[in-house]
Each structure stands twice: as C-alpha cells, then as structure tokens.
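S.K.: What TrEMBL records for this protein is below:
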- LYS163: active site, proton acceptor (ACT_SITE)
- GLY53, TRP55, ASP78, ASP94, ASP119: S-adenosyl-L-methionine binding site (BINDING)
- 21-206: domain 'Ribosomal RNA methyltransferase FtsJ' (DOMAIN)
- 259-279: region 'Disordered' (REGION)
Amino acid sequence: MGKSSKDKRDRYYRLAKEQGWRARSAFKLLQIEEEFNLFENVKHCVDLCAAPGSWSQVLSRKLIKEGQEDPPKIVAVDLQAMAPLKGIIQIQGDITKQSTAEQIISHFDGKYADLVICDGAPDVTGLHDMDEYIQAQLLLAVIPIALNITTHVLRPGGTFVAKIFRGKDITLLYAQLKIFFKHVTCCKPRSSRNSSIESFIVCQDYQPPKDYVPNMSNPLLDFSYNSTYNNLEGSNRVIVPFLAAGDLSSFDSDQTYPLDKNNNYQPLEPVQSPISPPYKTAIKKKRTNELNKNN
Ligand code: SAM
C-alpha cells in the first residue's frame, strides 16, 4: 500500500504526521484524557510499553510547561529502545520484572505514581501466522501483567489506564480490576477503529484490598480459568460502564477522507522511525529468501 493510500484510508495516521506525533495512538490518549481529565494534579506518571513514544509525547506536551519550578516526573518503560523525549525518563526494561518496578520508583524520591498508563501489546515478529497465534495467547495476559506492576508503583487514589481487547473472557478482567479500583470504565476513543476489538479500561481511585501485598508472581496471572467466568450471574457478574470518547465532530477512524481538495497533498515521512524494530530480522530474512521453508 502506498503512503498516500494509507493517508487517505486513515485520517489519524496522516494527522499524526502533520502534528508531529510518533504514532496515531497519541489521539487515543488525547481523546480519553478529554473525557476523564486524566492529567489533573499529576506529579508522578508512568507510561508502560511506551515505544515508539506517542503517549509519552502527549504526557510531555500536556504535563511539562516552560519554566516550571518543579516539573512532573514521567517515567517511560519499554523492551525496545526509544528516541529521547523532553522531560521523559526512559527505562529499557521488561514490565514483568520486579526490578523494573523498583527502577521506576527509584525516580520518584519515595513517592508513588498518580497515573499509570499502558498501551502494551505483545511484540510482533513480522511472521504473520506466528504473530496472530502469539497475540491470541498473550492479549489477555498483558493487562494482568500491567496491573501487577501498577500495584507496585501506583498510589492509593491513583488512576490506571490500559488497552484491552474485548474478547469473550473480558468479564473476568473487569472482576479483577474491580478488586483494586473503585471505578472501572471501558472507553472506546473515536480514533480507535470500530472494526477493532481494542478498547481502553480507565480505572480510577486505586484502593487495593486491605493487607494486599504487591507481588509479581501473584495469581492474577492465572491461565487456568475457563470461559465459565463469562457466564457468571447476579452479583458475581461484573459489568462496567462503556463510554465513547472523542468529540463527535472529530474524524471517524473507520472512514476514508479525501487527501486534499486543492490537490496540494504531500505525503509525510514518519515522525520517528523505529530505532531497532523487532521485525527487522524477519524483514531481512524475507528479502534474502531465508524464510523459505526449503532453506
Ligand atoms: N503507546 C505507544 C505509543 O504511543 O507510541 C505504543 C505502544 S506499542 C502498541 C506496544 C509496546 O509494548 C511495544 O513497543 C512493545 O515493545 C511493548 N512491550 C510489549 N511487552 C512488553 C514488556 N513485557 N515490557 C515492556 N514493554 C513491552
């Protein structure tokens, strides 16, 4: 697909380049923030699974003001290296590791985070069949992992926002989140395509159960559950509010828009190319025909 055809098909992809965002996902966070006022009084913030960094860019642009005496501390974590961003402390690390939680906290001078955001998704290899399989296996695991590290770094009363995939077992996830947060809302920003099962969970007022001790290996990550959780009835069944975010006059992410009425359209280069994308090896092998089954 040519650049112009993607620009035409995806208005947010084009807009991201026009406004200097590293990825179109920036609009998802901006639209969620519009609805929930996420950034009010935030002094310590964590961006989990942050690369290439468009959510961190939003945090940097919204939270850090010129000449601020005591600017907020923002820590971004990813397995991948990320190009530097103003005011963002970067950790190249794995969010499943206790040591990463400790590293985050070490930047907060004994304080805990007011806001933790996570746009995590399993890494892609570029081998589509394998990616599809891995994603199916890991999608449900990402949130419990992100929640695990969040319970180490979030202050009581704090907010946690994370990408979710509303699959058939989502009720179990809602139930887990309701144990830790007073308010749990499922939010679909307009920049997230309707054709995708992606949504975002906004969890407000962190109140861990009394005597809860954060632990990276705790049973939140229990793969042994089965779909009967989705059949729970009465007070055992947790249904959270569902909210659409983003002004109704904003672009519809499923619609195609004309490029330019006056024919002045110029394709734009990506704002920040990946430093070392995980799919680099796969692409190289594909080009040299090394992926051929007979090799
Ligand atoms: N929010 C980012 C932005 O706006 O630019 C996009 C995030 S991207 C969809 C998902 C990221 O999750 C990838 O960069 C990947 O490296 C990261 N990731 C996946 N598993 C991880 C883990 N265990 N620890 C840290 N990062 C992880």
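Every residue gets a Cβ built from N, Cα and C, even glycine.
Automated prediction, rather than curation, is the source of TrEMBL annotations.
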S.K.: How long is the line from the C-alpha of ASP119 (S-adenosyl-L-methionine binding site) to the C-alpha of LYS163 (active site, proton acceptor), rounded to the nearest angstrom?
M.R.: 5
S.K.: Give me the count of other Cβ atoms within 10 A of the Cβ belonging to ASP94 (S-adenosyl-L-methionine binding site).
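M.R.: Taking all protein chains shown, ASP94 (S-adenosyl-L-methionine binding site) has 13 Cβ neighbours within 10 Å.
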S.K.: To the nearest whole angstrom, state the Cα distance for the pair TRP55 (S-adenosyl-L-methionine binding site) and the residue listed as 'active site, proton acceptor'.
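M.R.: So the alpha carbons of TRP55 (S-adenosyl-L-methionine binding site) and the residue listed as 'active site, proton acceptor' sit roughly 12 Å from each other.
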S.K.: Tell me the Cα distance separating ASP94 (S-adenosyl-L-methionine binding site) from LYS163 (active site, proton acceptor), rounded to the nearest angstrom.
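M.R.: Here the two Cα atoms are 17 Å apart.
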S.K.: Using a 10 Å radius around its CB, how many other CB atoms surround LYS163 (active site, proton acceptor)?
M.R.: 21
S.K.: State which of the following binding-site residues has the fewest other Cβ atoms within 10 Å around its Cβ: GLY53, TRP55, ASP119.
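M.R.: Minimum Cβ neighbour count within 10 Å, taken over the binding-site residues GLY53, TRP55, ASP119, occurs at ASP119.
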S.K.: So how many of the residues in the region 'Disordered' (259-279) end up helix, strand or coil by DSSP?
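M.R.: Reading the DSSP string over the region 'Disordered' (259-279) gives 0 helix, 0 strand, 21 coil.
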S.K.: What does DSSP call GLY53 (S-adenosyl-L-methionine binding site) in the simple three-state scheme?
M.R.: coil
